[in-house]
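Straight from Swiss-Prot, the features:
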{"type": "REGION", "residues": "1-228", "note": "region 'Pyrophosphorylase'"}
{"type": "REGION", "residues": "229-249", "note": "region 'Linker'"}
{"type": "REGION", "residues": "250-450", "note": "region 'N-acetyltransferase'"}
{"type": "ACT_SITE", "residues": "His345", "note": "active site, proton acceptor"}
{"type": "BINDING", "residues": "Ala362, Asn368, Tyr369, Ser387, Ser405, Arg422", "note": "acetyl-CoA binding site"}
Amino acid sequence: MKTALVILAAGKGTRMNSDLPKVLHPLAGAPLLIHAMQSGASLGPSRTVIVAGHGAELVQKAALSHDASAIIVQQTEQLGTGHAAKQAQDALKGFDGTVVVLFGDTPFVSPDTLSAICDAQRSADVVVLGFEAADPARYGRLVMDGAQLDRIVEYKDATEAERAITLCNSGVVACNGTRLFELLEAVDNDNAAGEFYLPDIVGVARARGLTAAVVTCDESETLGINSRTELSAAEAAFQERARTNAFENGVTLPAPGTVHFAFDTVVGRDTLIEPNVVFGPGVTIESGATIRAFSHLEGCHVARGSVVGPYARLRPGAELSENVRVGNFVEVKNARIGTGTKINHLSYIGDATLGEYTNVGAGTITCNYDGVLKHHTEIGNHVFIGSNTMLVAPVQIGDHAMTGSGSVITSDVEPEALALSRAPQIEKPGMATKIINLLRAKKAKQQRGS
């Protein structure tokens, strides 16, 4: 059966106390909205509709950058979740499959749970996602009639018996596309807030003799984020889950609580990740690599057997082939490093291609920016770059070439050539002692004057 997603992302997020729309606050390196979109994408939806409101332009930009086919609609007035869902009606015109309504601030609903919701919708007119709450607090309660969902009761309206129910409402629903909007049309705003609530479609459906079912999930999947405190708790939950997954996939983390993963980090088995490593978005680490302490990686690929760090930074576009070494205080950006090449200390390699088994000495800098444009540096195979070499791009260093320490290389270097570019050394006997004596005399004179 075909599915469509409606993701509600119109809320202001007042408790965030931020100019940024709530659904765009980052969790593990990606906006909350993107987490919801990724989870929903597991269903292979034929249409994805994002209901934007507060900060609609920013929400639209983020959504379309992740999925260019997403349909963006606006809720110009925030009149409740039912009213928000109704804004998707035109975008889903003629769609008769299952519509799943998610929330942009609820990032952890799993693909397995979404699949179960869609399966349940084949035999029920309305499906609600519920959870057994450890502390039901003020959640809405799901009142069952045997296997059927009879009604949803908000905490403030519940009797003592209903408040004792621990099966709670997550807010996520699924319904046939045509029927969803028929039910929403009948929902009223006769409540204290004067809003139209999405869960009220259950009462409308039951009054019409339709069926309603509940699919349950772990409470952790339903975590909604409305404040910085809840965002922090969600980050902690994500990181704990990511570390557990890493262990299960054969990754060694001697100090797991100090390693920070992004939402899309991929790490191969038999990789060692030392303490205080941070992964930004877009990192792939192959099997058998080592990421040493205090390194920061984003938008990069590290192949099998490579060693990164300690205190290294790999920026977007860094591509390390097998058995590469990138050592302490080395930064690599938009550069491909060939097999067996070593950049062991205190260097910047940007906008460059390095061949195989090349050695880059300490203090080497690719001078890639002229103040307006970036330029490329090409270094061949089996090259030796002497310490403190400045490579002024655009420049090419041929295979088996060498550069002398302290050189400023501004022109291409032929294969097997030695390139030197520095002033000749001048030695003046006894001059060091004379200079020291002059300086000491000057210092003594200054002290007498004070």
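In case you wondered, yes, glycine gets a Cβ from its N, Cα and C as well.
Sequence features annotated in Swiss-Prot and their locations in the structure.
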residue: His345; record: active site, proton acceptor; contacts (Cβ under 8 Å, 6+ apart): Gly327, Asn328, Phe329, Val330, Ala362, Gly363
residue: Asn368; record: acetyl-CoA binding site; contacts (Cβ under 8 Å, 6+ apart): Gly350, Asp351, Ala352, Lys374, His375, His376, Thr377, Ala393
residue: Tyr369; record: acetyl-CoA binding site; contacts (Cβ under 8 Å, 6+ apart): His375
residue: Ser387; record: acetyl-CoA binding site; contacts (Cβ under 8 Å, 6+ apart): Gly361, Ala362, Gly363, Thr364, Ser405, Gly406
residue: Arg422; record: acetyl-CoA binding site; contacts (Cβ under 8 Å, 6+ apart): Gly404, Gly406, Ser407, Val408
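Non-local neighbours of the region 'Linker' (229-249) in the same chain are 16, 25, 27-28, 107-108, 220, 223, 256-257, 259-261, 263, 265, 267-269, 273; each lies 6+ residues outside the stretch with a CB under 8 Å from one of its CB atoms. Within 10 Å of the C-beta atom of Ser405 (acetyl-CoA binding site) sit 15 other C-beta atoms, taking all shown protein chains into account.
The number of other Cβ atoms within 10 Å of the Cβ belonging to Ala362 (acetyl-CoA binding site), over all protein chains shown, comes to 19. Residue counts for the region 'Linker' (229-249) under DSSP (helix as H, G, I; strand as E, B; rest coil) come to 20 helix, 0 strand, 1 coil.
Spread of the acetyl-CoA binding residues is 22 Å (greatest Cα-Cα distance among Ala362, Asn368, Tyr369, Ser387, Ser405, Arg422).
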